[in-house]
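One structure is given below, encoded as structure tokens.
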Amino acid sequence: MKHSSIFTLVVLGTILWWSQNVGKLVEGRVHYHKKKGGSSPAYSPPPGSGDDDQPPTFSPPDPDPRSPAPVVRPDPYPYPSPSPAQGGPCIYDVTAFGAVGDGSTDDTAAFRDAWKVACSADSGGVVLVPSRGRFMITSTIFSGPCKFSNAD
């Protein structure tokens, strides 16, 4: 009998301890993150210091020396395109045919016109769609055969 009362006491003590600490155990899952960089807050003079008539001046923050400088790359396909005598096919930029590339204007006609001209070029043609735009076209089938023949 003595063993069962000790066992009961241990079980009750464990349940009591657990019920008191269950909130603390769950709170351990919450993580508080500190801001990196450790910059101090902006200076403000104490009230009554006489600086009330002057507006505060703020200087822009210094650029982060770890961030790389932006790189400006030249357009890989300059317009107008090189002539076939320079050894390459003609490149037809859809924006030269009226494509806007704003994502809301229908650019189907410009794509179709650029395709027709590129397909009818004697030296072959490439239709260029600049990556800097968002072009919207309706369902269109671009088919050949194109006029270009490789007469090497």
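Every residue, even glycine, has its Cβ placed from backbone N, Cα and C.
Taken from TrEMBL, the feature compositional bias 'Pro residues' covers 57-83. Annotation source TrEMBL lists domain 'Rhamnogalacturonase A/B/Epimerase-like pectate lyase' at 93-141. Summarising the annotation, TrEMBL assigns region 'Disordered' to 34-85. As annotated by TrEMBL, signal peptide applies to 1-23.
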- Note on the structure: Contact set of the signal peptide (1-23) with the rest of its chain, CB cutoff 8 A exclusive, min separation 6+ beyond the ends, reads none
- In the domain 'Rhamnogalacturonase A/B/Epimerase-like pectate lyase' (93-141), how many residues does DSSP put in helix, strand and coil? 17 helix, 13 strand, 19 coil
- Task: Quick one: average pLDDT across the domain 'Rhamnogalacturonase A/B/Epimerase-like pectate lyase' (93-141), no decimals.
- Result: 89
